[in-house]
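**Student:** Quick one: the structure is below, questions incoming.
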Amino acid sequence: MRKHPQSATKHLFVSGGVASSLGKGLTASSLGQLLTARGLHVTMQKLDPYLNVDPGTMNPFQHGEVFVTEDGAETDLDVGHYERFLDRDLSGSANVTTGQVYSTVIAKERRGEYLGDTVQVIPHITDEIKQRIMAMAQPDGGDNRPDVVITEIGGTVGDIESQPFLEAARQVRHDLGRENVFFLHVSLVPHLAPSGELKTKPTQHSVAALRSIGITPDALILRCDRDVPESLKNKIALMCDVDIDGVISTPDAPSIYDIPKVLHREELDAFVVRRLNLPFRDVDWTEWDDLLRRVHEPHGTVRIALVGKYVDFSDAYLSVSEALHAGGFKHYAKVEVVWVASDDCETATGAAAVLADVHGVLIPGGFGIRGIEGKIGAIRYARARGLPVLGLCLGLQCIVIEATRSVGLVQANSAEFEPATPDPVISTMADQKEIVAGEADFGGTMRLGAYPAVLQPASIVAQAYGTTQVSERHRHRYEVNNAYRDWIAESGLRISGTSPDGYLVEFVEYPANMHPFVVGTQAHPELKSRPTRPHPLFVAFVGAAIDYKSAELLPVEIPAVPEISEHLPNSSNQHRDGVERSFPAPAARG
């Protein structure tokens, strides 16, 4: 009789059926948090069945945000959920796509590694997928082998694209043994309003489709807008051949951070550790209960305007939104994110209309010229009103453009938006010029991942971080043009952080005597924020917004600001001295 290999690491697969967007990622993340709170070492992985190598070149409206890991991988937004709930950094291996798998297999075929074989989906593609799944069980940098690997399989059961991944997962159970592998299936139990009934047939059919490919789920997550009664849970357990203890009702929760409590109430974590024979302790709720108190018992509310291009699809700014909320948790404050389309801020009147009742303005990252003048207009409005501003990546670049325009460089722009501008205060990075020119691959070639920065002592950012040595994740091709540092200084904007060699501008800010809080960073600090450990920049920004709200500023009348385009000089030699510097003095908090 064949014996299965001894496996110190257990594997748990999360699949989905009936419909997409049921919350597989949040379910997997919440279970990971529960197992971690039981003292287990957990890591996570997402299998994405699209042919792109990574999501880096996808439209944010289609895919949502691109989450960048410490090692510079562009990954699915669910990896961000994993990091936030587990409170640990993951690597690029946490996201596997069909594009990656096929690229590797085809490259091996070209090198002759399959010499003599007909390369097929089974076994070559599935073997490559299995290899990437099993690699997650290897010890990490601290030589700690995970107790559990949770692997989320993207898509829904029945999709053609997902079949190789489901087959690979089935083979992992065959290779490691049923005692070492757990299948969790997330399914929809719809409520039909006309009849007032909950219907179980979609879940039954979804499980039947899963069983037809050789996978019998150990537990079912029933997604519904209300609790599923015991009678229906018993029916589903019978018809789907699942232990009744593994039929888990998960009604919609008030907050995503309540989901671990919902799963624990249904005893899913206890069922998993028993089934996989894992050592465990009781759940330590100390940290999570403190978080939930801050989530549900805020002492006040602040309104933060997120001025972006993709605000019609909030997942495009998921990590930014979560970092803002986490910054609020630190202050026992609820952050209400006001989604503002950047196009609405292109004129002073438009900016005043949409930003009149907010307490802070956040300018997120992005690409392309659409909406840029609106982001700059929002910064101009916030500067004059004394509104706190935080600029991320492109947001820093917009702060620099607005600052240099205010001291006479009215054609100041980015080489990304206006290659022929006479004053490219934002320029293409030297190692990106061939890529921008179309002479090299576009995907996966930006300045990606964690890079160090040195902060100026006593600066706002140094005070926020509590140190002058920091590391942040990046994703950009453009940088502040060092030839314009004197013009930046003339505007009052201070370069408060650079790369260790002093070359690349990483942080800018206005001194407190000019404005209470305008900070820009070339990085994406939102990617390192955790609900239980908010990022210090977001803590400082939300704190400044709370101060702004508390100050009860008197109205400040802003002089009419002419549209820049109406006053562009005819010659590039005229723009520095031919425009009156009439930018209104920034307001100070009273």
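Heads up, the Cβ atoms here are built off N, Cα and C, so glycines get one too.
Per Swiss-Prot, active site, nucleophile is recorded for Cys393, and the stated evidence type is sequence analysis. The annotation UTP binding site is assigned in Swiss-Prot to Ser20, Lys199, Thr200, Lys201, Pro202, Thr203, Gln204, Lys235 on the grounds of sequence analysis. Per Swiss-Prot, ATP binding site is recorded for Ser21, Leu22, Gly23, Lys24, Gly25, Leu26, Asp78, and the stated evidence type is sequence analysis. Among the features that Swiss-Prot reports, Mg(2+) binding site is placed at Asp78, Glu152. The L-glutamine binding site annotation in Swiss-Prot covers Gly366, Leu394, Gly395, Leu396, Gln397, Glu416, Arg477, and the record cites sequence analysis as its basis. Here Swiss-Prot flags 303-551 as domain 'Glutamine amidotransferase type-1', drawing on sequence analysis. The region 'Disordered' feature in Swiss-Prot is assigned to 566-590.
Have a look at these and tell me how they're positioned relative to everything else.
**Tutor:** Neighbour list (Cys393 (active site, nucleophile), Cβ cut-off 8 Å, at least 6 residues apart, same chain): Pro364, Gly365, Gly366, His474, Arg475, His476, Thr521, Gln522, Ala523, His524.
Under DSSP, Thr200 (UTP binding site) is assigned to coil, being neither helix nor strand in the three-state scheme.
Mapped onto three states, the DSSP output places Gly25 (ATP binding site) in helix. All protein chains shown were included, and the count of other CB atoms within 10 Å of the CB of Gly25 (ATP binding site) stands at 24.
The Cβ of Asp78 (ATP binding site) lies under 8 Å from the Cβ of Lys24, Gly25, Ala28, Ser29, Lys46, Glu152, each on the same chain and at least six residues away in sequence.
A helical conformation is recorded for Gln397 (L-glutamine binding site) in the three-state DSSP classification.
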**Student:** What's the CA to CA span in angstrom from Ser21 (ATP binding site) over to Thr203 (UTP binding site)?
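**Tutor:** On Cα coordinates alone, these residues lie 15 Å apart.
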**Student:** Going by a 10 angstroms cut-off between Cβ atoms, which of the binding-site residues Gly23, Pro202, Gly366, Gly395 has the sparsest surroundings?
**Tutor:** Pro202
**Student:** I'd like the number of other C-beta atoms within 10 A of the C-beta of Lys201 (UTP binding site), please.
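**Tutor:** So the number of other Cβ atoms within 10 Å of Lys201 (UTP binding site) is 11.
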**Student:** Could you list the residues of the same chain, at least six apart in sequence, whose Cβ is under 8 A from the Cβ of Lys235 (UTP binding site)?
**Tutor:** Thr200
**Student:** Provide the three-state secondary structure of Ser20 (UTP binding site) computed with DSSP.
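**Tutor:** It is coil.
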